[in-house]
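What TrEMBL records for this protein:
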- B:63: active site, nucleophile (ACT_SITE)
- B:121: substrate binding site (BINDING)
- B:27-37: compositional bias 'Polar residues' (COMPBIAS)
- B:9-113: domain 'Pseudouridine synthase I TruA alpha/beta' (DOMAIN)
- B:154-256: domain 'Pseudouridine synthase I TruA alpha/beta' (DOMAIN)
- B:18-37: region 'Disordered' (REGION)
């Protein structure tokens with residue numbers, strides 16, 4: 001069977017996230033309300049095109065309400081279509097808040113999750129008291145003054161390989177919570193502040209809890225130096241709050 | 001009574017346009033479903049703040065589905081609030097797709113429609129086969145190749161003072177259909193083309209019919225030179241089609 005890698009954009013606002021509900025990954029036999037997840041929508045559509053069940057593998061989950069500019073997924077399918085024709089077919093069936101922006105045929109063993117080397121997420125903060133009508137679905141509004149310099153110092157302390165147990169909502173398990181954050185870049189763009197996180201992988205809610213913590217540094221509620229102690233604590237209560245999903249977008253997934 | 005000038009932004013997607021339904025302008029006694037118009041929403045809200053009926057006058061109507069980055073309106077109200085406090089109060093009551101971005105007190109005789117000197121509208125065309133997920137509510141997608149040079153030559157012929165009877169959906173009446181279009185600028189911005197119209201006033205549907213005609217020039221269905229004959233014909237059938245409202249936004253209203 002041919003293996004196709006696709007790059008996807010979606011506005012997450014009305015979805016329950018990437019991953020189909022119900023049983024775990026790789027089990028498509030029983031899934032509750034697949035229509036409300038991006039993965040469920042795509043599998044239904046691809047199965048209709050193929051005339052038999054097709055499973056799609058994403059590079060990772062995005063949570064309910066989180067957007068994607070460059071989510072990557074792959075699926076195996078028997079088809080005579082060129083990648084271009086397949087892309088057109090898929091887009092013609094997709095709702096207007098999901099779009100495929102590229103399709104390419106890849107070696108059979110390519111796996112969008114297992115082969116992913118690093119990912120980039122961006123969190124957009126609207127740092128203004130004036131609401132932004134047209135971008136409101138994609139930003140989180142924080143009108144308070146935010147100390148850029150303090151946030152940047154905190155970001156440096158959070159960069160690198162650490163146990164990020166304090167920065168996840170995941171239940172305690174046996175899996176490692178050590179991750180490597182390659183960079184956290186903080187840029188002022190007009191009346192917005194963009195926080196760009198790159199790394200080899202992120203735990204459940206990790207970017208949004210890092211964000212909540214950085215914003216506490218920005219307002220002065222926490223000091224940059226506190227980051228080290230929070231990492232060492234391994235305790236969720238020491239980190240900042242979980243910020244809303246709407247500001248977050250998966251920008252890019254890189255492969256070697 | 002104090003007179004306040006406000007600048008408004010709104011996403012027109014879910015509204016029946018600026019003007020409240022029912023009777024004509026200046027008559028607030030009976031209006032059907034005022035909730036579905038921007039004017040209706042604002043008047044209800046201002047009347048609630050004032051504790052008595054408040055009428056709001058817009059610089060002009062925007063049609064159903066048309067957006068605004070800088071609509072201007074004014075209203076008279078007895079209040080001890082500063083303009084800043086009033087703005088905060090109004091925004092706290094407004095739905096998230098309407099926002100007031102400035103409030104200032106103006107002389108009693110200021111009238112947002114009668115004193116308007118010129119207006120600028122922008123129409124955004126997504127000139128790509130790939131849909132734009134995040135901007136989809138604000139662009140009209142035209143995947144065909146568009147001849148920029150031909151559209152610019154046509155735009156020059158449409159600029160100036162003309163009888164734009166061929167470019168309006170308005171019923172024939174006694175009112176003059178002569179308008180002055182100061183400029184039509186056409187810019188490529190990434191995979192979009194922005195058409196910016198400035199002038200002293202625009203007839204009902206005029207910008208969107210000018211756009212439909214310019215796009216026909218872009219695809220080669222019409223020649224730039226045809227513009228003169230269409231203007232002279234005064235006949236709606238000679239001009240191009242009405243393009244969708246979603247690509248259009250009122251950008252600015254200027255006063256002397």
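Quick reminder: no glycine exception, Cβ is built from N, Cα and C everywhere.
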Task: Inter-residue C-alpha distance, the residue listed as 'substrate binding site' and residue B:63 (active site, nucleophile) (nearest angstrom) - done: 13
Task: DSSP-derived helix, strand and coil totals, residue by residue, for the domain 'Pseudouridine synthase I TruA alpha/beta' (B:154-256) - done: 36 helix, 32 strand, 35 coil
- [ ] Let me know how many other Cβ atoms fall within 10 Å of the Cβ of the residue listed as 'active site, nucleophile'.
- [x] 19
Task: Coarse DSSP state, helix versus strand versus coil, of residue B:121 (substrate binding site) - done: strand
- [ ] Enter the number of other CB atoms within 10 angstroms of the CB of residue B:121 (substrate binding site).
- [x] 24
- [ ] Translate the DSSP assignment of residue B:63 (active site, nucleophile) into the three-state scheme.
- [x] coil
TODO: State the mean pLDDT for the domain 'Pseudouridine synthase I TruA alpha/beta' (B:9-113).
DONE: 89
